[in-house]
């Protein structure tokens, strides 16, 4: 039984080793080829995670192949700590993404305090809402050409070609949620769209007192990037991505627990 467990642990650690190498190579590639700080944001996490997986898997392989009690003890201890870390992070992600945040961003300088010490539902919104953080996020959105991509322009041009001066609801549905939030003024403002990037303010002024109406600009580097609606859109987008990350973490957790159980079996035998 111990021999079989050793073989499985060794095999699974080889998989971990491969994943670790992949993370390190991906991080190095982004660091070298990335054209901006936004593209390099994942460099450090990928290299650190890849390095940890490399070290952990190598210790596990040494422990199983050399039948080293010391290596296996160190390996199981580190694996246990890693499992606890993944569990804690996954719980945290679910806590900050399970409630709506649209009401949180009511003022660009307002920070909403949790109702109780265990309420983290506004944590993500508060992070995005901080001035320094938002400057970086806005820079990333501009660098990514969110509002000036060919796909964004084609949606408008196609509707014009088929003699459908874009109906607001139809046009909104054709855009990504983040584009609707950041690349056009809110519908309540009553602006008239002249082309894919230019909106005309009615002579009588905006039809709503919404603060975002005054923040809108036809400048491609400004648009609605200072609007509260854009911040809400970014938070909602982050929530979706973090939820996907939480699901990946659950799969990773199951894999790590399997390796840990086999490692314990091998160590006890």
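Here the Cβ of each residue, glycine as well, is placed from N, Cα and C on the backbone.
Feature annotations, reproduced from TrEMBL:
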- 6-30: transmembrane segment (TRANSMEM)
- 42-61: transmembrane segment (TRANSMEM)
- 73-96: transmembrane segment (TRANSMEM)
- 244-263: transmembrane segment (TRANSMEM)
Go through 6-30, 42-61, 244-263 and flag the stretch with the largest number of C-beta pairs under 8 Å relative to the transmembrane segment (73-96).
244-263
Hey, which bits of the same chain come close to the transmembrane segment (42-61), Cβ under 8 Å, at least six residues off its ends?
9-10, 13-14, 16-17, 19-28, 30-31, 34, 71-72, 74-75, 78-79, 82, 259, 263
